[in-house]
Amino acid sequence: MILTLQTPRPLSRLPRFLPFSTNASITLNQADSLDRRIAAGEDVGPLAGVLVAVKDNICTADMPSTGGSRILEGYRPPFDATAVKRAKELGAIVVGKTNLDEFGMGSTTEGSAFQVTANPWDLSRVPGGSSGGSAAAVSARQCVVSLGSDTGGSVRQPASFCGVVGLKPTYGRVSRFGLMAYASSLDTIGCFGSSVADAGILLHAISGHDRFDATSSNQDVPNFLSHFVSASSFESKPLKGLRVGLIRETIGDGVDAGVISAIHSAASHFEELGCSVNEVSLPSFSLGLPAYYILASSESSSNLSRYDGIRYGNQVYADELDSLYGSSRANGFGSEVKMRILMGTYALSAGYYDAYYKRAQQVRTIIRNSFTEALNQNDILISPAAPSPAYKIGEKKNDPLAMYAGDIMTVNVNLAGLPALVLPCGFVEGGTAGLPIGLQMIGAAFGEEELLRVGHIFEQTLENCRFVPPIIAEDIAS
């Protein structure tokens, strides 16, 4: 059967491009089972035979789930995350688990306790993070789509760096059940694909209320798939009347000139499609980064307290209980995770709670209100997904502040709980064939349907919209 013949090909290519945990026998068994269902005339669902990779902080019952951390090395959950379960029920085949920064805390995958993932566009550069493995897997055509998580940009920034589509849904659109908690009020499960349609189909499969997640929404899930039509059916101005707001604060100081040029070109393309494009100011935009790191670190301090070698996590033996706790956590956590736990514990302490945590929550409300106001006057907002293209492995590893600053384009969206779509919009010089740049489109709460409609039209009318890294194109051709 076709499915079983196709499955081993990406598995055989995996070691060339990125650290990737697989179980070939499980993957082939899933394909065999699907073949039998098709032969029996069963309705196997819209994801039948689609190879899906899953970020390693999303639980899978039949493969280890480490969170990229030594403290969970070898851990095999007793259940699938709801998003994984729903994808499987619609015929998807989980091809493997992808690398990440430990517990999602990082922007490069250099924070993984195991290996560093390479960017398929230039193997000397980072793929972004923390979902860098999931983005690189799609970019390298090792799977059709993949699941990642996005707490402060961890789907969108890697999508930009790797030249793929990344979709962060509204907070509550997709169940978080089975996602290892980093910052529970910010965490979302998102989707990667090589096209807007691919990412949208996966989102449609995993969306909806889940009784196991009290924060999942009861909102009806629209038919995202209805907008994925051929470009030949588009009108001459298919986005006529759409109001697009370019966030002024995202195209100024500190942003690579090539990135700004690509975003201006994208804005011009929107105008060609019939949109009105104007600059919009979000005065609170610069406050997002410090507020995010205070809130996310505070929540991680609480969430990661469960990994103590007794309740959860690998244990380092000691004669005294306190020593066991300390040794297990010291041995199991990496330096970035330790730093964020300490930062969060400090912000939550009695003497500093009002000065840091409470004030950050107030800033979060201001940011949410500023987005609401901007989206009352515009249908979507646009910005770069990152202030630069992918940079060299090791370039920012020893400068955490520089790495944190790279999240400036994305963290505000998480603080506001809004959906955002990133898709390739151009190139800048770098590597052997240029480096991709991603355009971020931000919509109103539960506005994924409109983002997917607009993104699909933008993508299908943009010249050279399907970006394939040269090393992958050569591999496919051979």
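Each Cβ is built from the backbone N, Cα and C atoms, and glycine gets one as well.
On a predicted model such as this, the values are computed, not experimentally measured, just so you know.
Lifted from TrEMBL, the feature list:
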DOMAIN    28-452  domain 'Amidase'
ACT_SITE  K55  active site, charge relay system
ACT_SITE  S130  active site, charge relay system
ACT_SITE  S154  active site, acyl-ester intermediate
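Positions of the features from TrEMBL, shown on the structure.
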residue : record                               : CB count, 10 Å
K55     : active site, charge relay system     : 32
S130    : active site, charge relay system     : 33
S154    : active site, acyl-ester intermediate : 35
**OP:** Would you kindly give the Cα-Cα distance separating S130 (active site, charge relay system) and K55 (active site, charge relay system), rounded to the nearest Å?
**Re:** 9
Original post:
What's the CA-CA gap between S154 (active site, acyl-ester intermediate) and S130 (active site, charge relay system) in angstrom, rounded?
Top reply: 5
**OP:** Indicate whether S154 (active site, acyl-ester intermediate) is helix, strand or coil by DSSP.
**Re:** coil
Original post:
In the predicted model, what is the mean pLDDT computed over the domain 'Amidase' (28-452)?
Top reply: 96
Subject >> DSSP state at S130 (active site, charge relay system), helix/strand/coil >> reply: coil
